[in-house]
């Protein structure tokens, strides 16, 4: 009895475990699915190519900054906003800045390669002061006869063994004395640098250059009006190319750049660190007009075969100082707004002053004006102090003009690099150039920050020299990202069959078009995959077409410039990216598919989010960051599963001829069937002949003469049966005999008939046995199924009875407990009610 109870308990526990397993199994399995064309990207460094309209700016002169290797700009550039997307930018760690710096230096060097070296001019110069050849005076500017000097020197002519004496006018900043009497001079930097003369037809006019991303990459743009260059940006868009950036090389003041759309923006890598430069972007331009009033003439000095040095021959009129004019009202109001912004960071008096020292490129505002390199003293511009009261004062309405003096240098050391310098040939005639100040480069003095340096005053000085800051002021809102069109996510679909691919369609992800769904959920974005991946190959082909046009325009040069090399690199990179994605899709068995299911089960350890949460609440970018650490593992599992499927497919194809019985009746197989039939018949006939010959030989050896093949041999009856009957002499009608056939066809037919009868009987016996076995198994299975149903019903009844019994027991226990509680409460209540009676009874006894 005890054993029976244990057995029932064991059955109940097993049934409960079985039920829980069934409930757990009822949850649908998830499988890895590959999506191609998802809007996902990551930060990247890649080779950008350029676009510009160089022909529209200069048709004759060779421009230093842009060449015809740049593709033409897009007349209708596309910009696609990315709603619900927040992206981090960092202008101080932007590879686009470093790339532009290298490109501009490379273009500058390449432009000077064919130019003449002026090393033969590194000789002793005998210099003296010059005087004007005109007796007239002018009050338009300050007369400065000492800004230039007349130098004579000996130089080699076209015939190398002959020398002659020449003279030329040089700026005093370009020569240094070599003795104490200040008569003998030498060109500056001659002992330390290789000086090249800029080609006489070179133009330094900055042409806007657009940086573009190759196919497979994208440029993200931050459109927040008050974006300071670092941190997150909520208004993000994607563009094919940047805006036109003029490569203006200047210090202290940023010229001809872009202005802020909102208020003035202060940008610094660390505003509290005085070692970090500050880039100020203005929201309103300030015009600066520069003049070189001297009417110079240019002369050519032959230094040898094919080498001509261009120098200043003479100056017509008074020698007047080069200068620049700025509106005092505009500049004062600009500094007031800049000081207001700086006080938001420091809350002290803002003092602007001149640089403390350094190279001439740093302590002055250096830039190129009409081909001449000017170095202007900005002490009049940065000489003011702004406290709370002066900032709140009324705007300056004065119409005065600030004039800052400038100097010209012809020997220029570009990019602050030692060993290289250029000689800028003089420009004939008067020079006037107008520029717009769009930004400032400042540095802050250090000191005691307890009460603020200089009694609560922060001092700011103009700076420069690092051209990367110039490019940062334009590239602060851009970043390059690499498109990751391959995505994996869990779905309820599983790859069921293995099919051979019939065709592969070339598709890919373009760097602009499909990113519009980046802010949508994964479910919404996966619906538009076809639209998202349509333009990659067309983008690559268009890029190749632009490159061929650029090379065709420059084919006479016989070698590529920096921009041409970048075009080739961008083209190769785009093709490599496309082939890499297609290779992965091919390895996974997903060629030509936008959505490709696999038989790899989804592992919950890769992401603990639910299926609905993934597809309804997350974007593809968020999902990619969620599983970024497991992407390599998932890829390897998909590859292993595909390899296994290919092996299975190979084994299946090995049995391909058995998959279709109609192939057996193919006319191409008839000759093979006839050959097999003839071989079988021939074998049977051969065996029959051999056995017949052996039988005859055996009987001849026994002395027996064989009967004719037409004789019927009676079949001998059994020994215990009579040979006849009454009246008829025995029953002869039932006697059987063996017929010996005569002829080849009869013999073959008899053997084939016997073979078919034998096969039929054996096949019939096999079918009967199989049918009997299947019937037995079916009966047994039906009995087992009924037994299982009865068992489940029995245990269900047991569970029901147990539950009812438990409920009854609980109800009885609760009822009994409730009755006891009620009884106790009644007794307590009656005791309270009987208290007066007990008191009365006690008093009565006491009185008695």
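Even glycines carry a Cβ here, placed using N, Cα and C.
Some features that Swiss-Prot has for this protein:
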type	residues	note
DISULFID	50-70	disulfide bond
CARBOHYD	84	N-linked glycosylation site
DISULFID	115-199	disulfide bond
DISULFID	122-190	disulfide bond
DISULFID	127-151	disulfide bond
REGION	127-150	region 'V1'
CARBOHYD	129	N-linked glycosylation site
CARBOHYD	139	N-linked glycosylation site
CARBOHYD	150	N-linked glycosylation site
CARBOHYD	154	N-linked glycosylation site
DISULFID	212-241	disulfide bond
DISULFID	222-233	disulfide bond
CARBOHYD	228	N-linked glycosylation site
CARBOHYD	235	N-linked glycosylation site
DISULFID	290-324	disulfide bond
CARBOHYD	347	N-linked glycosylation site
REGION	355-365	region 'CD4-binding loop'
DISULFID	369-433	disulfide bond
DISULFID	376-406	disulfide bond
CARBOHYD	430	N-linked glycosylation site
CARBOHYD	436	N-linked glycosylation site
DISULFID	590-596	disulfide bond
CARBOHYD	603	N-linked glycosylation site
CARBOHYD	666	N-linked glycosylation site
LIPID	756	S-palmitoyl cysteine
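For the recorded site, residue 84 (N-linked glycosylation site), the DSSP three-state label reads coil. Checked against residue 127 (disulfide bond) by C-alpha proximity, the recorded positions 84, 241, 406, 433 yield 406 as the nearest.
When Cβ atoms from all protein chains are considered, those within 10 Å of residue 50 (disulfide bond) total 29, not counting its own. Secondary structure at residue 154 (N-linked glycosylation site), taken from DSSP and collapsed to helix, strand or coil, is strand. Taking H, G and I as helix, E and B as strand and the rest as coil, DSSP gives the region 'CD4-binding loop' (355-365) the counts 4 helix, 1 strand, 6 coil.
Between the alpha carbons (Cα) of residue 150 (N-linked glycosylation site) and residue 122 (disulfide bond) lies a span of roughly 16 Å. Around residue 190 (disulfide bond), taking its Cβ as the centre, 18 other Cβ atoms fall within 10 Å, counting all chains. Annotation: no recorded positions among 122, 603, 756 have CA atoms within 10 angstroms of the CA of residue 290 (disulfide bond). Per-residue pLDDT, averaged along the region 'CD4-binding loop' (355-365), amounts to 86 for this model. Distances between the Cα of residue 50 (disulfide bond) and those of the recorded positions 190, 436, 756 are shortest for 436.
Cβ environment of residue 324 (disulfide bond): 288, 289, 290, 291, 374, 376, 403, 404, 406 lie under 8 Å away, each six or more residues apart in the same chain. Comparing CA positions across the recorded positions 122, 129, 433, 436, 596, the one lying closest to residue 347 (N-linked glycosylation site) turns out to be 436. For the glycosylation sites 84, 129, 436, counting C-beta atoms within 10 A of each C-beta gives the highest total at 436. Under the DSSP three-state reduction, residue 756 (S-palmitoyl cysteine) is assigned to helix. The recorded positions shown are 235, 369, 430, 433; of these, the one with its CA atom nearest the CA of residue 84 (N-linked glycosylation site) is 235.
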